[in-house]
Amino acid sequence: MQIKLANPRGFCAGVDRAIEIVNRALEVFGPPIYVRHEVVHNKFVVEDLRSRGAIFVEELEQVPDDVIVIFSAHGVSQAVRTEAAGRGLKVFDATCPLVTKVHIEVARYSRDGRECILIGHAGHPEVEGTMGQYDAVNGGAIYLVEDEADVASLEVRNPESLAFVTQTTLSMDDTSRVIDALRKRFPAIGGPRKDDICYATQNRQDAVKQLADECDVVLVVGSPNSSNSNRLRELAERMATPAYLIDGAEDMQKGWFDGVERIGITAGASAPEVLVRGVIQQLQAWGATGADELAGREENITFSMPKELRVKSLL
């Protein structure tokens with residue numbers, strides 16, 4: 001059995017920044033540091049931060065007064081920001097800047113009284129945060145659609161004053177079809193020049209397609225609640241390549257690789273490389289050889305830290 005590695009894979013700039021914000025807050029201010037929602041959707045990362053004093057909560061009502069709170073990479077609604085400000089909580093915002101870009105678009109449509117359609121998965125924290133950027137005070141509304149069937153049944157108030165945005169971690173292929181359906185149903189709809197799916201999601205989806213084309217089975221390292229990791233598994237399966245989403249080496253079953261010659265490994269944007277290395281080691285213990293990385297797109301994007309953490313970390 002031969003191992004092939006997707007390139008790029010694993011952490012993106014937004015995840016790197018979010019984790020580093022929690023790390024630096026712990027270093028500068030000491031525990032406990034409260035984090036609203038899992039800072040990124042990865043069990044290993046969350047448990048590591050929890051062991052060092054991060055406390056993860058789902059709502060601000062679980063947070064005591066006079067503590068530091070960090071908003072997760074997925075972003076939060078305006079109502080959550082207002083609640084935090086009203087309580088005087090000290091907040092560091094780990095929202096991915098590419099998610100913030102979508103928030104700004106939604107807020108602008110709201111101010112203009114333009115209705116908005118969000119393409120995304122119901123219940124995902126990024127979707128909840130983005131929906132919560134829209135203020136209906138000007139008479140508009142925001143709608144959520146997941147697929148073409150949702151578009152077909154959608155009724156809006158004013159189809160002549162309508163725009164769309166997308167969740168950043170969707171399947172590019174699926175999203176393209178939904179956008180086509182929106183443009184066909186609502187010819188006057190506006191939106192970004194391209195969808196809002198982020199560079200890291202696009203690059204990892206392109207890489208897993210190459211991996212699935214060259215391999216007999218694909219392993220996606222990522223947690224079950226990670227949207228972008230699930231999309232990678234689905235893409236491989238659509239190419240008729242068996243694919244498994246695993247948190248780490250302990251989730252693998254040796255029988256998956258009976259008769260397999262080439263094993264492909266990738267990782268979602270919130271999965272650390274140490275987990276990939278663990279998977280490789282286990283496969284090699286089962287007789288796999290090599291760990292060749294495919295040619296891919298280089299990523300050199302970085303996002304800046306909040307100023308207070310950036311300055312204090314140098315003292």
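Cβ atoms here come from the backbone N, Cα and C positions, even for glycine.
Features as listed in Swiss-Prot:
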BINDING   C12, C96, C198  [4Fe-4S] cluster binding site
BINDING   H41, H74, H124, S226, S227, N228, S270  isopentenyl diphosphate binding site
BINDING   H41, H74, H124, S226, S227, N228, S270  dimethylallyl diphosphate binding site
BINDING   H41, H74, H124, T168, S226, S227, N228, S270  (2E)-4-hydroxy-3-methylbut-2-enyl diphosphate binding site
ACT_SITE  E126  active site, proton donor
Maximum Cα-Cα separation (Å), residues H41, H74, H124, S226, S227, N228, S270 listed as binding isopentenyl diphosphate: 15
Rounded Cα-Cα span from C12 ([4Fe-4S] cluster binding site) to H74 (isopentenyl diphosphate binding site), Å: 13
Nearest recorded site to T168 ((2E)-4-hydroxy-3-methylbut-2-enyl diphosphate binding site) by CA-CA distance, among binding-site residues H41, C96, C198, N228: C198
Cβ neighbour count (within 10 Å, all chains shown) around S270 (isopentenyl diphosphate binding site): 31
H41 (isopentenyl diphosphate binding site) CB neighbourhood, other CB atoms within 10 A: 29
Nearest of the recorded positions (C12, C96, E126) to S270 (isopentenyl diphosphate binding site) - Cα to Cα: C12
Count of other CB atoms lying within 10 Å of the CB belonging to S227 (isopentenyl diphosphate binding site): 24
Inter-residue C-alpha distance, S227 (isopentenyl diphosphate binding site) and E126 (active site, proton donor) (nearest angstrom): 10
Non-site residues, in chain order, whose CB comes within 8 A of the mean position of the CB atoms of H41, H74, H124, S226, S227, N228, S270 at dimethylallyl diphosphate: V40, E126, T169, N225, S229, G268, A269
Cα separation, E126 (active site, proton donor) to C96 ([4Fe-4S] cluster binding site) (Å, whole number): 10
H74 (isopentenyl diphosphate binding site): tally of other CB atoms within 10 A of its CB: 28
